[in-house]
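S.K.: What Swiss-Prot records for 23-43, 52-72, 97-117, 120-140, 144-164, 202-222, 238-258, 303-323, 353-373, 391-411, 447-467, 475-495 is transmembrane segment.
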Amino acid sequence: MEISWGRALWRNFLGQSPDWYKLALLIFLIINPLIFLVNPFIAGWLLVAEFIFTLAMALKCYPLLPGGLLAIEAVMIGMTSPSHVRAEVAANLEVLLLLMFMVAGIYFMKQLLLFIFTRLLLSIRSKALLSLSFCLAAAFLSAFLDALTVVAVVISVAVGFYGIYHRVASSRGEDNDILDDSHIDQHFKVILEQFRGFLRSLMMHAGVGTALGGVMTMVGEPQNLIIAKAAGWSFGDFFLRMSPITVPVLVCGLLTCLLVERMGWFGYGEKLPEKVRQVLQQYDDQSRLQRTRQDKVRLIVQALIGIWLVIALALHLAEVGLIGLSVIIMATSLTGVTDEHAIGKAFTESLPFTALLTVFFSIVAVIIDQSLFSPIIHFVLQASEHAQLTLFYLFNGLLSSISDNVFVGTIYINEAKAAMENGTISLNQFELLAAAINTGTNLPSVATPNGQAAFLFLLTSALAPLIRLSYGRMVWMALPYTIVLTCVGLLCVEFTLAPMTEWMTQQGWLATLS
C-alpha cells in the first residue's frame with residue numbers, strides 16, 4: 001500500500017536519522033524564533049547549545065544538515081545577517097582553501113603513505129615499538145598534512161590487511177564477505193579476535209598521534225590556521241610559540257603509548273598473531289614482485305613532492321591552500337592521473353567538512369552579533385593574567401571534548417582578539433592566550449570522537465565495525481591519553497609557557513603581531 005504524502009515527507013526528512021532526532025530538530029526550529037522575539041540573548045545561547053547537540057549526535061546525522069537548517073533560520077529571523085556571514089567566511093578563506101586543496105593534494109600521495117605504514121607494520125616485530133612508530137609517524141605526518149588524510153591512510157592499510165587474513169580464514173577466496181564470520185572455524189575466530197584487538201590498538205595510537213602532531217604546527221588542524229592568522233604568526237612562529245607546551249606533551253604522550261602497551265591497560269597490548277603475520281608477509285612479497293618500474297617512479301615522485309610540501313610550508317612560500325593546490329597539480333601531472341572523475345574523487349573527503357565549517361562561521365556570526373560570550377570572557381578577564389591562561393585552557397578543553405574544536409577555537413580566539421583590540425589585555429597576553437586556546441582545543445579533545453574530526457572519521461569508517469571499535473570502547477581506550485595530555489598541557493600552560501615565550505622573544509626568535 002502506498003504511504004501518505006505526509007509520511008513520505010517525514011521519511012525523507014533527514015533520511016535514516018531516528019524519529020526522536022527529527023522531532024528534536026523540528027522543535028528547535030519552531031521555538032527558536034519565538035524565544036528570539038522575547039529574549040535574543042537566551043535565543044542565541046539556545047542556538048549554540050542546539051548546534052553543539054548536532055555535533056555530539058554526528059553518528060545519527062552528519063551535522064551539516066541539521067546545523068545548516070539552524071543556521072539558515074538564524075539568518076532569516078535576524079540573529080545575524082548574510083553580509084556578516086560573508087565577512088566571516090572571507091576572513092577565514094585560508095582555512096577553506098586548506099581543507100579544499102591540501103586534503104585533496106594529499107589524496108594523490110596515498111600510495112607513498114600506504115607504503116610507509118605497510119613497511120612499519122611488517123618490519124617491526126615488537127608491539128610496543130610498532131605502536132610507538134605508528135604514533136610517531138602519524139604525529140609527524142599530521143604536523144604537515146591533514147589529520148583526516150593520515151587516519152584515512154591508516155584505515156586503508158588496516159582494512160586491506162584485515163580483508164587479506166579474513167579471506168584466508170574463511171577459505172572463500174575473492175567471494176569472501178569481510179562482514180560475515182559464519183564460514184570461519186573456531187580456531188581461526190580466536191586468531192581473528194586477537195587480530196582485531198591488535199588493529200584497534202594501532203588505530204587508537206595513530207589517532208592520538210595525529211592529535212600530538214597536529215597541535216604543533218599551523219597546518220596540523222584547521223583551527224590552528226585560524227588562531228595563527230588572528231595572531232599574525234608564520235609557520236615557524238607558530239611552532240616555536242607552541243613548543244613550551246607541545247614538546248613536553250609529545251614526550252609524555254609517547255611514554256603513555258609505551259606504558260599502556262607494556263602493561264596491557266585500557267584494551268591495549270594485543271600482539272599480531274604469528275599466523276596472521278605470515279599471511280600478510282606472503283601477500284606483501286607478492287605485491288612487491290608485481291610492482292613495475294612505473295609504480296616505483298610514482299613512489300619516488302610522491303616522496304619528492306612531500307619534500308617540496310615540507311619546505312614550502314616551513315618557509316611560508318605561499319598560503320597553505322595554494323601550496324596544496326600545487327601538490328595536486330604536480331602529483332597528478334607526474335603520476336599520470338588525467339581523468340576528471342579520478343581527480344574529483346580527491347575532493348569527496350574534504351568538501352562536506354568545508355561546507356560544515358562555513359556553517360560554523362554562520363554560528364560564529366550569531367555569537368558576535370548577540371554578544372553571547374561577552375559575560376564568560378568578562379569573567380575570565382577579571383582574573384589575574386596568569387589565571388587567565390589556565391581558565392582559557394580549561395574552558396576550551398571542556399567545550400572541545402563535547403563539541404568540535406574548530407568551532408570552539410574560532411569563538412575563543414575571536415573574543416580574545418577583540419579584548420586585545422579594545423585594550424582590555426596587552427599584545428603579549430593575547431599571544432600567550434592564543435597558545436593556551438590552541439592547546440586547549442587540541443589536547444583535551446581526544447577524550448571523545450566528538451572533539452577530534454580524525455576520531456569521528458575513524459568511528460564512522462568501514463573499519464570500525466570490522467574491528468569492533470564502538471563509541472564507548474574508543475572513549476575508554478582514549479582515557480589514558482586524555483588524562484596525560486590534558487594534565488601535562490595544563491602544567492605547561494601554568495609553568496613553562498610564559499617564561500619560555502619571554503626567553504625566545506629575548507633571543508629574537510619570535511615575531512609579534514603588528
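Glycine too: its Cβ is placed from the backbone N, Cα and C atoms.
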S.K.: With pairs closer than 6 in sequence left out, are the transmembrane segment (120-140) and the transmembrane segment (238-258) joined by 3 or more CB pairs under 8 Å?
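M.R.: They are in contact.
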S.K.: Quick one: do the transmembrane segment (447-467) and the transmembrane segment (52-72) have at least 3 Cβ pairs under 8 Å, skipping pairs fewer than 6 apart in sequence?
M.R.: yes
S.K.: Could you give the residue numbers and ranges of same-chain residues that sit at least 6 residues beyond the transmembrane segment (391-411) on either side and whose C-beta is under 8 angstroms from one of its C-beta atoms?
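M.R.: Cβ under 8 Å, 6 or more out: 51-52, 55-56, 63, 92, 221-224, 226-227, 357, 360-361, 363-364, 367, 373, 376, 380, 383, 433, 436-445, 447-448, 450-453, 482, 486, 489-490, 493.
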S.K.: With a Cβ cut-off under 8 Å, give me the same-chain residues at least six positions beyond the ends of the transmembrane segment (52-72) that come close to it.
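M.R.: Long-range Cβ neighbours of the transmembrane segment (52-72): 14-15, 17-18, 21, 24-25, 28-29, 32, 352, 355-356, 359, 362-363, 399, 402-404, 407, 449-450, 456, 459-460, 471.
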S.K.: Are there residues at least six beyond either end of the transmembrane segment (120-140) with Cβ under 8 Å to its Cβ atoms? List them, or say none.
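M.R.: Same-chain residues near the transmembrane segment (120-140) but 6 or more away: 150-151, 154, 157, 161, 198, 201-202, 205-210, 212-213, 216, 250, 253-254, 257-258, 261-262, 268-272, 277, 280-281, 284.
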S.K.: Given the transmembrane segment (97-117), which of the listed stretches 23-43, 202-222, 303-323, 353-373, 475-495 has the most Cβ pairs that are under 8 Å apart from it?
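M.R.: Comparing 23-43, 202-222, 303-323, 353-373, 475-495 against the transmembrane segment (97-117), the winner is 303-323.
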S.K.: For the transmembrane segment (475-495), name the stretch out of 23-43, 202-222, 303-323 with the most CB-CB pairs under 8 Å.
M.R.: 202-222
